[in-house]
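Undergrad: Before I ask anything, here is the structure I am working with.
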Amino acid sequence: MLVKHSVISNIGRLSSLSPSSSVLRRQQFLVRTLCGSRFNPLKLIRAMSSTSEADAESILRTITPSLDPKRHKGQAGKIAVIGGCREYTGAPYFAAISALKIGADLSHVFCTKDAAPVIKSYSPELIVHPVLEESYSISEFSEEDKRKVQDKVIGEVDKWMERFDCLVIGPGLGRDPFLLECVSKIMLLAKKSIVPFVVDGDGLFLVTNSVDLVKSYPLAVLTPNVNEYKRLVQKVLNCEVDEQKAEDQLRSLAKQIGGVTILRKGKSDLISNGETVKSVSIYGSPRRCGGQGDILSGSVAVFLSWAQQLKSGPESQKNSSPSENPAILGCIAASGLLRKAAALAFAKHKRSTLTSDIIECLGESLEDISPAS
């Protein structure tokens, strides 16, 4: 309720923005999301029933847009990954290329200068921005010069921010103090611009130590694995993970952070925004190769942006329900698709299955559920 009151009380400030302002459009969408909108397709109501297990396939069919020749480049999604440093170049690539393979039109990566040539070499499809800096590259700088570098980094990202439908923050980010400080300011910038973001990998390390970065921002999605979730519970709830009360604890955690959406990865993925809890238990693969979480974070970004478009589109109807939160829908769809793709890849490659094999199965798996034609 605090977020809802804050948004409403600040509507007067929107009068200074032009009708075409992207910030204005996002503000209006946030108000619709929090205060009720004209969106209630019956198939989503059935897929998001009161039972815990979500009908991921129905949600995938509902929120995946058709391939319409009348649409122009960018309308199917513009995603940006904030991550990638000297040591880690695969994770941001996996997240960004997964977004493209699912159907986003454009996928950007904002990374360090050392990581950029490597990520560029993986695929010419990605738009790579070598703008992030690590401490070693400015170790001889004065504090004033370091602030100037930080301002330059934020300025470079700010030039693009209003173009993005969703950010993925954290894949391959590393834990360099200067880099993390820059990324924390990028997150504040995204919140100011009302841009949704998915936090994964080292982004979760940053959030666990600075929960206020995401607190009470309903367009934030956290995707922790077992260890990342454990640290979040210890930090926020000041207790240990209780598997006997997994759903109640997840609901409490999301609620305590102010209504962010949390996708807890595991044998069954659990998803909550502090109000509802949904699970996705579709069988995936016994092969636990690294990088599948990066596929998931890029996928959540795409499906979240598609769910937003659907909720604010002409198909909207009256009497929306809380369970139709775009972040919840995006998480369910992404979890379901990844599990389908992992199962298909394992059927083909067995023990040799790699993350890249799963990525190659994303399109085929989505086509099986929601055909393009």
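If you go along the chain as it appears here, the first residue is 1 and each next one adds 1.
Keep in mind that glycine also has a Cβ here, set from the backbone N, Cα and C atoms.
Below, the features straight out of TrEMBL:
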BINDING   Gly172, Asn225, Val226, Asn227, Glu228, Tyr229, Lys230, Arg231, Asp294  (6S)-NADPHX binding site
BINDING   265-269, 284-293  ATP binding site
DOMAIN    56-369  domain 'YjeF C-terminal'
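If you look at the structure here, what lies around each of the features I listed?
TA: Neighbours of Lys230 ((6S)-NADPHX binding site), defined as other CB atoms within 10 A of its CB across all chains, total 13.
Cβ neighbours of Asp269 (ATP binding site) (same chain, under 8 Å, six or more residues apart in sequence): Leu263, Ser279, Val280, Ser281, Cys331, Ser335.
Mean pLDDT of the predicted structure over the domain 'YjeF C-terminal' (56-369): 94.
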Undergrad: If you count other CB atoms within 10 A of each CB, which of Val226, Cys289 wins among these binding-site residues?
TA: Cys289
Undergrad: Could you tell me the C-alpha distance between Lys267 (ATP binding site) and Gly172 ((6S)-NADPHX binding site) in angstrom, no decimals?
TA: 24
Undergrad: Quick one: among the binding-site residues Gly172, Gly293, which has the most Cβ atoms sitting within 10 Å of its own Cβ?
TA: Gly172
Undergrad: Between the Cα atoms of Glu228 ((6S)-NADPHX binding site) and Lys265 (ATP binding site), find the distance and write it as a whole number of Å.
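TA: About 10 Å separates the two Cα atoms.
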Undergrad: Give the residue from the binding-site residues Glu228, Asp294 that has the most other Cβ atoms within 10 Å of its Cβ, counting over every protein chain displayed.
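TA: It comes out as Asp294.
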Undergrad: Around Lys267 (ATP binding site), how many other C-beta atoms are within 10 angstroms of its C-beta?
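TA: Lys267 (ATP binding site): 9 neighbouring Cβ atoms within 10 Å.
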